[in-house]
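Below is one structure, written out as structure tokens; the observations come after it.
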Amino acid sequence: MAILSDRWIREAARTQGMIEPFVEAQRRDGCISYGLSSYGYDARVAPEFKIFTNVDSTIVDPKDFDPKNFVDRETDVCIIPPNSFALARTVEYFRIPRDVLVICLGKSTYARCGIIVNVTPLEPGWEGHVTLEFSNTTPLPARIYANEGACQFLFLQGNEPCETSYADRAGKYMGQKGVTLPKL
């Protein structure tokens, strides 16, 4: 697998709509950086958040997830409570080519503050807004800034197109829009 360059990412965004909206140059003045980088794309977090709450003392169960475990917030600055968790989504909508796998890494600006972002790989043929998982590992409240960089996506090209893509097997998160909760 080869990691794909800024030239390839730009061309795929222009000709295949791989990333929409697409920011051609990295923006970093007065904000957490986002946009095209040398070998990746720094995506922004949208102002739509679901913050874990324990008001009803429920149990988190991925097979029977209760949406009441979250408080919804639309805001430019999301405050995640100490040792807590929030879901969000990217501003960008992604369409992944059949011969590409995308992995995500957190931004060092957030990681150095104890805020970890997690995203599972974007599989060949998948498309949608990416649901972002933010963990505040600190004993203090933490801020996440909407419309600024949240994570970096790295694009890996396989040696040939896959036999069965995410779209072919009708994956459960195909075409997701907004913050998407766990599905079984």
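For all residues, glycine too, the Cβ spot is worked out from N, Cα and C.
Take the dCTP site that Swiss-Prot assigns to K107, S108, T109, Y110, A111, R112, T131, L132, E133, Y166, Q176: the candidate from Q152, Q157 listed for it is Q152. The number of other Cβ atoms within 10 Å of the Cβ belonging to T131 (dCTP binding site), over all protein chains shown, comes to 20. Of the residues the record lists as binding dCTP, namely K107, S108, T109, Y110, A111, R112, T131, L132, E133, Q152, Y166, Q176, the two whose Cα atoms sit farthest apart are 34 Å from each other.
Listed in sequence order, I32, S33, G149 are the same-chain residues six or more apart from T109 (dCTP binding site) with CB atoms under 8 A from its CB. Following the DSSP three-state reduction, the secondary structure of Y166 (dCTP binding site) is coil.
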